[in-house]
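Shown next, in structure tokens, is the structure this report addresses.
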């Protein structure tokens, strides 16, 4: 900026402080409206999906020019306006352009009803370094009673102060260092790391002491089948199902689709975390969401490649069905949840409703980038990694599966499998949930990278152990059980979200509740598919 350059103050949205997603246009409340045709600012795909609508307040602010007191407008109150303001005050409405409340409710000792007041003066303090704005603070003063027929003089003042804070460090004031870098955060990572050491030791012991010699035995060539059958007749447990363990799983196309999607999501999360560490994506509004959508589109080749290879290796014939399922399964699940939430937002008139034009943009990205890349990946995976590579021959007649104790059934193994992966991430889930639902800026992506790598290792170890116990029970339908033993991590995360909702937040109302559990369901579906893919590694 140059001296006396105009500085725009954008107003965005208002809403109940305890319901972060329940937001409305700033001028849905009867504040002073700007003149005709105020300019709007479109900040990108992620910002629109985040429910932002920036409107020029047309408050006259000039760079480095103080304003002692100036009138915004004369606000004439009537019964309808008073009713709107009272409802907003009682629900602790807040502005987007500063962290505060519309008003306060002052108890009146002589009356059962509270006395509603509205702040009429906005005091804007702007700190600058040379020609750049570093920090803006907006406070409110001059509370006036809300009474019908009263005319309120809405005013503002502007004060400019110099600061030594550089432009590169301007965002630090919004980062809660004591919260995110607390000792409990470091302790949780250390605790998860010790869990990794324990699990890798357990898996290594199983593989080295139990499986090494036997695997060599069952990897013999076909010309040694007679001695192999003789040895097998004297053995028990998992060794009896070596001729059935590589049978194609049920619902092969669906399993291939979720495994391929999981591989894509794993690469997507890793890529976004690295970009956030390198590029400080948390600074820009909607930057994380935009990056996520674009990276998802461009990593669709991975899902097609992994899915196509797996489908072909297991003898799948209807590869077009598998390709379409892979490319559309997760996006359409998210679309279904998003459609329901969007309908609710439209009914409430909230800014959380996604505009039709934005829907078209997202669909075009999927149809013309994501879908073709998934198709290409399926073709490449089918031809390059689709050859069967089983170490032993599959028997013609399936072996009957004996009855086993309840704790060795696939459902129990699946549910137990998610406990340890959840234990490795649940502390980080608290920080992620608090950032998303309680107005904090998540910036410790280094922690997230460590926890994500720990989650991968723990999940792989858990699926190995779970599969071993299942095969030892002579149950060779292991593929889906291995997937769900890892994917069940998402069930525990969802249960934790229920606890978080009731204990850690003050959310209320159908709108916010539906958005909370809808968004969490979408997140847990992605997490479950992502974790479930690790058995395939």
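Backbone N, Cα and C define each Cβ position, glycine as well.
The feature transmembrane segment, as given by TrEMBL for the ranges 288-311, 360-383, sits at 288-311. Count of Cβ pairs under 8 Å against the transmembrane segment (483-502): among 252-282, 288-311, 406-433, 445-471, the largest is for 406-433. Against the transmembrane segment (406-433), stretch 184-207 has more CB pairs under 8 A than any other of 184-207, 252-282, 288-311. In this chain, the transmembrane segment (288-311) lies out of contact with the transmembrane segment (445-471); the count of Cβ pairs under 8 Å, excluding pairs fewer than 6 apart in sequence, is fewer than 3.
Scored by C-beta pairs under 8 angstroms, the transmembrane segment (514-535) has its highest count with 323-348, from the stretches 184-207, 288-311, 323-348.
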